Amino acid sequence: APAKAKKIQSKGNHVELSSDGEVEEGNWEMEEEEDGSSEEMVDDYGASSSEEEELLPIEKAALKQKSDSEDDSEEEEEEDEEDEAAEETSRQKVGQKEEENLDLQLNLDIDEQFKLPTNEEIEKEAAQSLDITKELHLDFPPDLHVIHQRIKGNMEVLQDFVVKREEGRSRQEYLALLRRDMAAYYSYSDFLLMKLTDIFPLPELINFLEANEVPRPVTIRTNTLKTRRRDLAQALINRGVNLDPLGKWSKTGLVIYDSSVPIGATPEYLAGHYMLQGASSLLPVMALAPQENERILDMCCAPGGKTSYIAQLMKNTGMILANDSNAERLRSVVGNLHRLGVTNAVVSNCDGRQFPKVCSCLLWVLGGFDRVLLDAPCSGTGVISKDPAVKTNKDEKDILRCAHLQKELILSAIDSVNAASETGGYIVYCTCSIMVEENEWVVDYALKKRNVRLVATGLDFGKEGFTRFKDRRFHPSLKSTRRFYPHTHNMDGFFIAKLKKFSNAIPQAQKVATPSTVPDKIVEPPPKKKKLEGLKTDKEQKLPQPALKKKRSLQAQRRPLKA
């Protein structure tokens with residue numbers, strides 16, 4: 001049997017005497033088991049055994065997850081590199097196409113002169129824009145910058161057409177290209193753009209279109225029935241609202257720049273200290289100028305901002321009849337009147353066109369109203385910033401339909417006013433439209449159909465109304481009407497006219513024969529025969545006696561003809 005190894009310690013070194021008699025050094029120790037048997041020890045450092053066998057299961061899972069994540073990160077890096085390479089190639093393609101596109105359209109630098117592109121170039125540009133849009137999955141064509149630059153160059157040529165125009169090109173060609181570019185850049189229909197071109201000069205038209213792309217400032221009206229503007233402004237400033245007075249023309253308006261709290265849900269709003277109302281909506285009530293203890297009719301009152309402002313100016317005295325044909329919208333009217341503390345208003349639901357007939361008993365009891373406010377339904381071309389759908393969903397039929405309704409409403413409003421009122425007899429007609437067919441045309445129609453005249457609105461600013469438009473001529477007094485635009489007054493587009501009724505009688509329409517109504521042959525009644533005793537006409541002398549008697553009997557029965 002082999003001898004067991006013995007352990008000899010010398011000067012701190014471990015020495016082992018083997019069975020062969022050789023001495024081996026090492027830095028390890030001999031451990032004996034309880035049964036006295038010994039096992040061969042192996043140094044752990046640099047051991048050939050795997051580390052995974054000595055790790056816990058959770059550590060093994062962590063190592064596996066780490067290795068998987070490293071593999072995934074490498075794959076993602078490879079994919080990112082491939083995507084970047086694809087994007088670079090697509091950019092190069094787009095750059096090449098844009099360069100080709102810009103070569104077709106002459107650069108509008110200061111030193112270069114604008115030249116009108118041909119139809120083939122425009123069609124090619126549109127086709128290339130469509131290809132780029134499909135390739136990059138864009139929702140807008142990438143040539144808007146080119147179109148905008150072309151609009152600027154076209155405008156410069158049109159402003160000095162004699163000097164800068166291209167030889168052999170007419171003004172109509174420049175205008176057609178300008179309308180097409182503006183329709184594409186600002187997303188307007190051709191019909192509405194033609195209407196706006198008739199109203200505004202070209203430089204002002206661009207300003208109007210640009211102003212419609214920006215929302216109007218948020219404005220509120222102080223309810224002086226419950227608070228003062230100074231106190232309300234201080235309370236809102238303490239809540240983190242940045243505001244300023246609306247202007248010198250308004251004593252109750254405030255403009256809100258920004259707010260850290262919802263401006264329509266503050267305790268002051270819920271308490272009825274103010275009303276969210278556009279700046280242009282304050283102007284019709286200011287033009288109406290209601291007096292205390294008067295009878296006022298608001299024919300189209302929803303949502304109640306103007307009605308509550310009238311009650312505020314009247315200090316809750318007199319009587320206000322708030323009418324609207326839409327029963328659903330009257331709910332907001334009732335809610336706002338209760339919240340703002342209005343106590344002199346009566347809410348009604350009837351068609352404004354039939355108001356004098358339906359409410360004839362009320363008019364007879366009241367003796368008519370002192371003042372009437374008519375905020376007529378319209379096409380909404382003055383509030384495009386609030387409703388961009390107006391750009392494309394209005395056509396000629398919509399404008400004419402609104403104009404017909406407005407003519408019926410303004411006649412009904414005039415018939416509801418008492419001309420013999422000591423303090424009133426006024427009608428204010430307003431719309432949030434800038435179309436001439438809905439404004440000056442309607443007022444001119446009312447001047448011809450009723451005993452009314454135009455008076456000053458009392459507003460110190462605003463542009464005068466049209467007295468002529470294209471081939472139409474309106475009454476000269478339409479200069480006293482006022483127009484408001486978003487690009488000049490920073491408020492919604494509005495039209496205001498103030499009428500004074502001077503007689504309750506309705507003028508009768510005079511039938512004037514026109515070439516279309518005159519018949520081809522005018523049948524004149526036979527002249528009356530003079531009865532001469534003892535004289536007979538030649539025809540009577542030739543007739544026999546029985547026929548002569550029958551003719552005389554028929555003449556006696558015949559009635560005289562009317563002229």
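Each residue, glycine too, has its Cβ placed from N, Cα and C.
Annotated features, as they stand in TrEMBL:
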ACT_SITE  Cys432  active site, nucleophile
BINDING   Cys300, Cys301, Ala302, Pro303, Gly304, Gly305, Lys306, Asp324, Asp351, Asp375  S-adenosyl-L-methionine binding site
COMPBIAS  19-43  compositional bias 'Acidic residues'
COMPBIAS  69-87  compositional bias 'Acidic residues'
COMPBIAS  88-99  compositional bias 'Basic and acidic residues'
COMPBIAS  521-542  compositional bias 'Basic and acidic residues'
COMPBIAS  548-563  compositional bias 'Basic residues'
DOMAIN    208-502  domain 'SAM-dependent MTase RsmB/NOP-type'
REGION    1-100  region 'Disordered'
REGION    510-563  region 'Disordered'
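The two recorded residues, the residue listed as 'active site, nucleophile' and Asp351 (S-adenosyl-L-methionine binding site), show a Cα separation of 20 Å. The average per-residue pLDDT of the prediction over the domain 'SAM-dependent MTase RsmB/NOP-type' (208-502) is 93, rounded to a whole number. Taking Cβ-Cβ distances under 8 Å and a sequence separation of 6 or more, the neighbours of Asp351 (S-adenosyl-L-methionine binding site) in its chain are Ser325, Val358. Sequence-distant neighbours of Ala302 (S-adenosyl-L-methionine binding site) (same chain, 6+ apart, CB under 8 A from its CB) are Asp324, Asn326, Arg329, Leu330, Ser332, Val333. Taking Cβ-Cβ distances under 8 Å and a sequence gap of 6 or more within the same chain, the neighbours of Cys300 (S-adenosyl-L-methionine binding site) are Asn323, Asp324, Ser325, Gly352, Leu374, Asp375, Ala376, Pro377, Leu409. The Cβ of Lys306 (S-adenosyl-L-methionine binding site) has 24 other Cβ atoms within 10 Å, all protein chains considered. Sequence-distant contacts of Gly304 (S-adenosyl-L-methionine binding site), defined as residues of its own chain at least six apart whose C-beta falls under 8 angstroms from its C-beta, comprise Ala322, Ser332, Val333, Val334, Gly335, Asn336, Leu337. For Cys432 (active site, nucleophile), the count of additional Cβ atoms within 10 Å of its Cβ stands at 23 [all protein chains shown].
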